[in-house]
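Asks: Following this message is one structure expressed as structure tokens.
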Amino acid sequence: MLAPAGPAPPVSRCQDMKNWVVAFLVAFHQNKQLIGDRGLLPCRTYLQSVQRHFGGRVSWDALSYAPTVLWLLDWSHMDANLDALALLGLGISSFILVSGCANMVLMAALWVLYMSLVNVGQIWYSFGWESQLLETGFLGIFLCPLWTLSALPRGTPTSRVVVWGFRWLIFRIMLGAGLIKIRGDRCWRDLTCMDFHYETQPVPNPVAYFLHRSPWWFHRFETLSNHFLELVVPFFIFLGRRMCIVHGALQVLFQVVLIISGNLSFLNWLTIVPSLACFDDATLGGLFPSGPGRLKDQVLKIQEEEARGPGAPRTRGRVARGMVNLALGVLVAWLSIPVVLNLLSPRQVMNSSFNPLRIVNTYGAFGSITRERTEVILQGTASANASAPDATWEDYEFKCKPGDLRRHPCLISPYHHRLDWLMWFAAFQTYEHNEWVIHLAGKLLANDAQALSLLARNPFEGRDPPRWVRGEHYSPEPPQPDVSGEWTPAPLAIHGACRNAEGPCENKLV
């Protein structure tokens, strides 16, 4: 039975399970290539380094530093271990999504499985939505009964502690995102950031092209609206039921707009989940079909029974449940202390955690905006002399990252390609700051099939591997759709290499 101010478990659970399914699907498709035995950054090597740091054994300190069930498994079959964790999580989350039934055991299993992957994922799992999924999933454990599998557990009313845990989460997500912008890039203060955002975001989608070409006044309106939604609206949560509902509606609408305008993985889909805690039964009742035996009818009958009767007896289970919820509230409050201090600090950091279990975290997004899009284009050549003027360089194409300007932007959210995202960050730095770029180049030189499965096109497929590989910085204009719907390339400027037409191309990695 739901508390009057509680979110409807079938709604929030369904939305949350979609995120779990996508997260484990991404893990299953990409983990072996990224952190497997022959991956770009093998997690076995990472665990061995943690083990050496703490005296060469699997100690409590090592477990606390990197909590993962992989410590307990056989490392000689790490690919199989990673697949097993991902498939088990995918199976559990799919079952809950389809059946609508969950309990604390299954929800805790999802949380442990994904935490085990995140804590060995290194830079590939460094995105803010990983910690956000774990925090959301941890709170979701306490929405469910301990053992019972039911879409409407009568003996487990939604705890107000859990409801306010979700509200506290969405408050920190939005306020953290707003503060990091105001304290960060000047363009957020002079209202010009949206002039650049759609073009320079990590993986633009087709809609971003048209939004980028909106008039200047529309971009100013977007920036002001962003500040209002992230810096003012979060406080609506504490202003009573009606304002809390207004907050939830505005944040859900805001996340839908962000989903439409960019490929931001499952971040915005995930942010909708705690926003649902701002609604109550009366508000969400219209989402459920009416009729005898339907979920809405069952809820109404339970409400009528409780209104007529003296109330459920205080059984041992209810007392224990109350104590668990109280302990949860104390834990979240305690772990929130450094998070609140971070929000108040002028040196605010975003998307980090102060505890290895990632139960309460800091959040933020786009604290700085780049003014010009730069892409690292990886190329290979079969020529013996890479510096020869007649050396033919062929491009590798990524699955979603902009590259070939004749290819239209992709539409992939809530799924995402981790390598494509990291290539966006690599464009801001040199390869010395990104060890994995060297490893990727080595895989390309070997025509490694596993690593190349992360790419959309290998120009050396079915041929001998390249003799040389390089990466160059390009600053492209986005492709433009013509009247037929085809995307045509705009002029391309080359930065750094090949400026002198009379001399050879400079052989740089990035």
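Just so it is clear, glycine is given a Cβ too, placed from its N, Cα and C backbone atoms.
These numbers come from a predicted model, not from an experiment.
Okay, so TrEMBL annotates it like this:
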COMPBIAS  466-475  compositional bias 'Basic and acidic residues'
DOMAIN    125-284  domain 'Lipase maturation factor 1/2 N-terminal'
DOMAIN    359-475  domain 'Lipase maturation factor 1/2 C-terminal'
REGION    466-486  region 'Disordered'
TRANSMEM  85-113  transmembrane segment
TRANSMEM  133-152  transmembrane segment
TRANSMEM  164-182  transmembrane segment
TRANSMEM  252-272  transmembrane segment
TRANSMEM  323-344  transmembrane segment
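Where in this structure would I find these features, and how exposed are they?
Replies: Below 8 angstroms of C-beta separation, residues 10, 13-14, 17-18, 20-21, 23-25, 27-28, 31, 69-70, 134, 137-138, 140-151 of the same chain, each at least six residues beyond the ends of the transmembrane segment (85-113), sit close to that stretch.
With a cut-off of 8 Å between Cβ atoms, the residues of this chain six or more beyond the transmembrane segment (133-152) that come close are 1, 9-10, 12-13, 16, 19-20, 23, 99-108, 110-111, 114-115, 118, 158-159, 161-162, 165-166, 169, 266, 270, 273-274, 295, 298-299, 302, 324-325, 328, 357-361.
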Asks: Within the domain 'Lipase maturation factor 1/2 C-terminal' (359-475), what mean pLDDT does the predicted structure show?
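Replies: Mean per-residue confidence for the domain 'Lipase maturation factor 1/2 C-terminal' (359-475): 91 out of 100.
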Asks: Tally the residues of the domain 'Lipase maturation factor 1/2 C-terminal' (359-475) by DSSP class, grouping H, G and I as helix, E and B as strand, and everything else as coil.
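Replies: Grouping H, G, I as helix and E, B as strand yields 27 helix, 23 strand, 67 coil.
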